[in-house]
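Annotated features in Swiss-Prot:
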REPEAT    129-163  repeat 'PPR 1'
REPEAT    164-198  repeat 'PPR 2'
REPEAT    199-233  repeat 'PPR 3'
REPEAT    234-264  repeat 'PPR 4'
REPEAT    273-307  repeat 'PPR 5'
REPEAT    308-343  repeat 'PPR 6'
REPEAT    344-378  repeat 'PPR 7'
REPEAT    379-413  repeat 'PPR 8'
REPEAT    416-450  repeat 'PPR 9'
Amino acid sequence: MPNSLISRLVSPSLRSQPSKISALRFLTTVSAAERLYGQLQGCTSNLEKELASANVQLDSSCINEVLRRCDPNQFQSGLRFFIWAGTLSSHRHSAYMYTKACDILKIRAKPDLIKYVIESYRKEECFVNVKTMRIVLTLCNQANLADEALWVLRKFPEFNVCADTVAYNLVIRLFADKGDLNIADMLIKEMDCVGLYPDVITYTSMINGYCNAGKIDDAWRLAKEMSKHDCVLNSVTYSRILEGVCKSGDMERALELLAEMEKEDGGGLISPNAVTYTLVIQAFCEKRRVEEALLVLDRMGNRGCMPNRVTACVLIQGVLENDEDVKALSKLIDKLVKLGGVSLSECFSSATVSLIRMKRWEEAEKIFRLMLVRGVRPDGLACSHVFRELCLLERYLDCFLLYQEIEKKDVKSTIDSDIHAVLLLGLCQQGNSWEAAKLAKSMLDKKMRLKVSHVEKIIEALKKTGDEDLMSRFSID
C-alpha cells in the first residue's frame, strides 16, 4: 500500500508538529515560570513580596509549570506561591488548578504543609486577608482535609481576619461529607454567635450529610428551618431529600414527600420536575415494582411534566428486567411518546441498548431491524452497540449491510474508528472484497483516522486475499 495512503489513515496526533504560535506561547510560559521559580529558590523570607517584584503575567499554564518544577523540599514555597497567585486581582484559580496543586504538592499525603504555611505567615508577619484564607480552605476542601480546615478556621483571629459565611461553608461541607455531623452542626450554631447566617450552600451541605447518613428526619427538619433565614426551599433541596428517602428503601414515605411537593406548589420553586419524578420511578424499578413506577409516570403526566430521555431509559429497562412481554413494552413506549419529551426513536433505541446490556441479543436485533423497517431512525448509541455486537459474533457481512442502511438514513452515529477497523478487517478475512473496498472508500471520504496497528493488520489481510482489484479500490482517495 502507498505510504501516502498509510499517512492519511494514521491518526494526525502521531505526526503533527506544534505550530509556531504554540511554540511561542510555550516559550513565553516557560520564561515567566523560570523567573517566578527563580524567586522561589532565592527567597528566604516574605516570599510574596519577592514574587510581586517579578512583574509577570500569570495564567494557569505558568502556575502549573512553577509547581511542577518544585522539588519535595520546595513544596512549602510552592504552596505559598499558589496561594499568592490566587490572591491577585488579575487571576482566579479554577477547580482544575486546585486539584493540580493538591496532586503536585502532595497535600493529601502531607497535610502538615497547610499548617507550616499558616505558621510561616504568622512568624514573618505577612499580610493575610480573607481571600488568602479562603484559598487555603479551598485547598483543604479539594484535598478532603476536614481537621486541617477547622484548624485554619481557628487561625483567622490571629491575623485580625473575620471568617465569613463562605469560609464556614467550606469547613461545614467537609465535616458533613465526612459524616461528622456533630461538628458541622456546632459550626452552624457558631455562625449565629458571630453574627453570620447560614445560606443555601450551608443548608445543602448539611442536608446532603444527613441524607448520606440515612438521617432523613434531620434532613427534613433542617429543610423546614431554611425559611427562617430567608433561604428558599427549592426543588433541588426537596429532590435531594427524596433521593435519600428512596435510597433508604422507604418508598411509601417517598410517595408522601412527592405528594407534599405536588401540594405545596410554590410557583414552580418546589414543584417536582422530571428529575424528581425519575428518582422515584427508578427506585421503584430497582425494587421490581414496575406497576407502581408506571403510576408515578401517570402522576407526572397529569401535572403536565414531560418525561426525559433518562425517565424513558429507566422505565424501559425496568419493564424489560421485569420480564414483561413485547405488548407491555409497546404500550409503555406509546405512553412515553404521547406524553412528549421523548421520541419514538429515543425509546426504541433505549430498548435496543438495554436488551444488549442484558445479553438478550436476539430481541435487541429484532427491535433494531423493526425500527429500520418502520422508518424510525436509531440513534448513534444504539447503532454502535448493534455493530459492536455483530462484530463480536463475526457476522461482518450482516454488519456491513446494516451499516449501509444506516448511512442512507444519515444517522449521526457514534461508531468509532475501532469498530470501522474491526469490520473492515473482518470483511477482508471472510473474503468479502467488494464490501471491504466500499467500506474503505467510505472511511476515506469521512477522513477517518486509524491506529497504526489497525492499518498494519488491514494491509496484511488485503495481501492474503490476493485481490488486486480490492487493493486498488482501497487506495482510492
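The backbone N, Cα and C atoms fix where each Cβ goes, glycine too.
Note on the repeat 'PPR 6' (308-343): DSSP counts are 27 helix, 0 strand, 9 coil. The average pLDDT computed for the repeat 'PPR 5' (273-307) is 94. Beyond its flanks by at least six residues, the repeat 'PPR 1' (129-163) meets 79, 82-83, 86-87, 93, 95, 98-99, 101-102, 107-108, 111, 114-115, 117-118, 121-122, 170-171, 173-175, 177-178, 180, 183, 194, 196 of its own chain at Cβ-Cβ distances under 8 Å.
Residues 200, 203-204, 207-208, 210-212, 214, 216, 219-220, 223, 226, 270-273, 275-277, 279-280, 282-284, 287, 289, 292, 296, 299, 303 of the same chain, all 6+ positions outside the repeat 'PPR 4' (234-264), place their C-beta atoms under 8 angstroms from a C-beta of that stretch.
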